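Colleague: Just passing along the structure, written as structure tokens.
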Amino acid sequence: MPDAAAHLPFFYGSISRAEAEEHLKLAGMADGLFLLRQCLRSLGGYVLSLVYDLQFHHYPIERQLNGTYAIAGGKPHCGPAELCEFYSKDADGLPCALRKPCNRPSGMEPQPGVFDSLRETMVRDYVRQTWKLEGDALEQAIISQAPQVEKLIATTAHERMPWYHSSISREEAERKLYSGSQHDGKFLLRPRKEQGSYALSLIYGKTVYHYLINQDKSGKYCIPEGTKFDTLWQLVEYLKLKADGLIYCLKEICPNANASTAAVVAAPTLPVHPSMPRRNDTLNSDGYTPEPARLTKSQGEKSRVLPMDTSVYESPYSDPEELKEKKLFLKRENLIIDEVELGSGNFGCVRKGVYKMRKKQIDVAIKVLKSANEKAEKEEMMKEAQIMHQLDNPYIVRIIGVCKAEALMLVMEMAIAGPLNKFLSAKKEEVPVSNVVELLHQVSMGMKYLEEKNFVHRDLAARNVLLVNQHYAKISDFGLSKALAADDSYYTARSAGKWPLKWYAPECINYRKFSSRSDVWSYGVTMWEAFTYGQKPYKKMKGPEVIKFIEDGNRMDCPSECPPDMYALMRDCWIYKWEDRPGFSDVEQRIRTYYYSLASKAEGVEDAPQAAKATSA
Ligand code: ADP
Ligand code: MG
């Protein structure tokens, strides 16, 4: 995930104060000359280095709990760029306004921090080991949840560092430091028996010193009286640059025995799940406390259920034992049908139920065909089942099977939180725009999968996106879907039917031609529905009026809550000629980039006024 300041030409990444001053000197020391660098102490923080009156001034920019950024005592801003822009207009407490950016010399990239370079490998290993995923399920989890997972990992990153010795005593630490070279500044870090506390062991003048590291109430780490850090690896990186009260600064790593492989294989010590006991309840037999990320929620972050934490991320048949029994037709005796109705339509209704598998019981949604229905309807439901049977993706509602009994029934995974449009209109206050973007990104991933498999959905709309929970969406309702022949890029309907015209691209209406590109058009309408929190598209217009509206070159306006980047994407989904419209692989990439940029900035940036309140409180 890119740093929120990565695009700024005056951002230097992870450089020290001395290096910053060197750059400013070279650039001439004019009043108001400034640069931005990564803060080595706080996760996601920065330092603004400014010249005034031939002096250097360094201002830490802290990332606040609500995700905004502020110089201590200053106003909060939604990102580092916005903050610098503010101070370029108004000194607001600084000795002078930011006048001249000290840009990086050409060809120089921002210096990556320790965590930056380990990030990708760590995310991959973490997802693989925590949720036991492989293959496509692993890739999809990484793409869709990278921002959330990165936050979790940042707090356990030290476990992958060669200087971290996960379970050694004070005596062993001394033995290790005294063996081999005894250079000043050779160090290691180890957990202590007392929960949540660590020791930094350092050699200087052939003597080993041990420093206690405690965690304060908000989860920050510090050597008593010393600087506070969000993470242990930041503490170490900082003390490498500056002794900060230690007898000497950290120079040479005393490596952990499995250091060479540690970065790749070291696993989070416990499987991580939000419902697990808090870390104070867990103590290993050898007396040291493992520290899985989710359990050390610092800063009052609410833990959130990720798609991979739910039972519907992978198919129930991903278990080989269950796969043995997989058949399209299910036995009636294994199915319990509840009275509860989840929804209804012309075909009949959708009921809640439970399906008994070999090893487990799963919640299901059962589409029950009205008994009086004719052959044609049964065939239609069977077609829908055949399509769904060929699909397996975390962002698509899976079919469990079909049951022929008192009625024909299509048994599906349950998406209990219901249709996206209804959910958003009911929970507008609780769902920030970043959350809407996250859900739409998941829909784009499901659609990209369909496009790759050469299926057209033909009924993509917010009503057919079902939610498992507030952060997990699945595409459903394959009643109109078609599998395209291998070398076809579109399907031509023989005649027009009962069609959702407001979601259809011009070529669907004019030529009955349906392709992934016409699904992209529908995706644009779905985006519009989502950013309006479930309003009906094209207001009260009737189908033929909408057609004329589009043919005349009009498009729906930008919803008031919709970010400009997302409206631009929507407009591209509504490019008249299908050949000129982006495909889902482009759409997914664009929304992903935007979604990551939001996550690296702040959670809920769009709630800036609210955020400001929280900071001053
Ligand atoms: P229709 O073809 O009538 O639109 P849908 O497949 O969209 O049928 O289902 C109708 C309604 O039933 C949905 O809007 C939703 O409320 C409910 N429903 C359908 N499938 C599920 C599911 N897998 N989990 C939960 N609810 C579902
Ligand atoms: Mg539907």
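Including glycine, each Cβ sits where the backbone N, Cα and C put it.
TrEMBL entries are annotated by machine, without manual review.
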Colleague: Which one of LYS324, LYS367, LYS375 goes with LEU342, GLY343, SER344, GLY345, ASN346, PHE347, GLY348, CYS349, VAL350 at the ATP site, as TrEMBL has it?
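Modeller: So, going by the record in TrEMBL, that would be LYS367.
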Colleague: Which stretch does TrEMBL mark as coiled coil, out of 107-134, 359-386, 583-610?
Modeller: 359-386
Colleague: Out of LEU342, GLY348, ASP459, which recorded positions lie by ligand 1, with a C-beta less than 6 Å from some atom of it?
Modeller: LEU342
Colleague: For the ATP site as recorded (LEU342, GLY343, SER344, GLY345, ASN346, PHE347, GLY348, CYS349, VAL350, LYS367), determine the largest distance between any two Cα atoms, in Å, rounded to the nearest integer.
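Modeller: Roughly 14 Å, rounded to the nearest whole number.
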Colleague: What does the structure give for the C-alpha distance between ASN346 (ATP binding site) and ASP459 (active site, proton acceptor)? Integer Å is fine.
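Modeller: Here the two Cα atoms lie 15 Å apart.
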Colleague: Under a three-state reading of DSSP, tell me whether ASP459 (active site, proton acceptor) is helix, strand or coil.
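Modeller: DSSP call for ASP459 (active site, proton acceptor): coil, neither helix nor strand.
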Colleague: I need the CA-to-CA distance for ASP459 (active site, proton acceptor) versus VAL350 (ATP binding site), whole Å please.
Modeller: 18
Colleague: Pop the mean pLDDT for the coiled coil (359-386) in here, whole number is fine.
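Modeller: Result for the coiled coil (359-386): average pLDDT 90.
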Colleague: Suppose the ATP site is LEU342, GLY343, SER344, GLY345, ASN346, PHE347, GLY348, CYS349, VAL350, LYS367. Which further residues of the same chain have a Cβ inside 8 angstroms of that site's Cβ centroid?
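Modeller: Along the chain, the qualifying residues are GLU341, VAL368.
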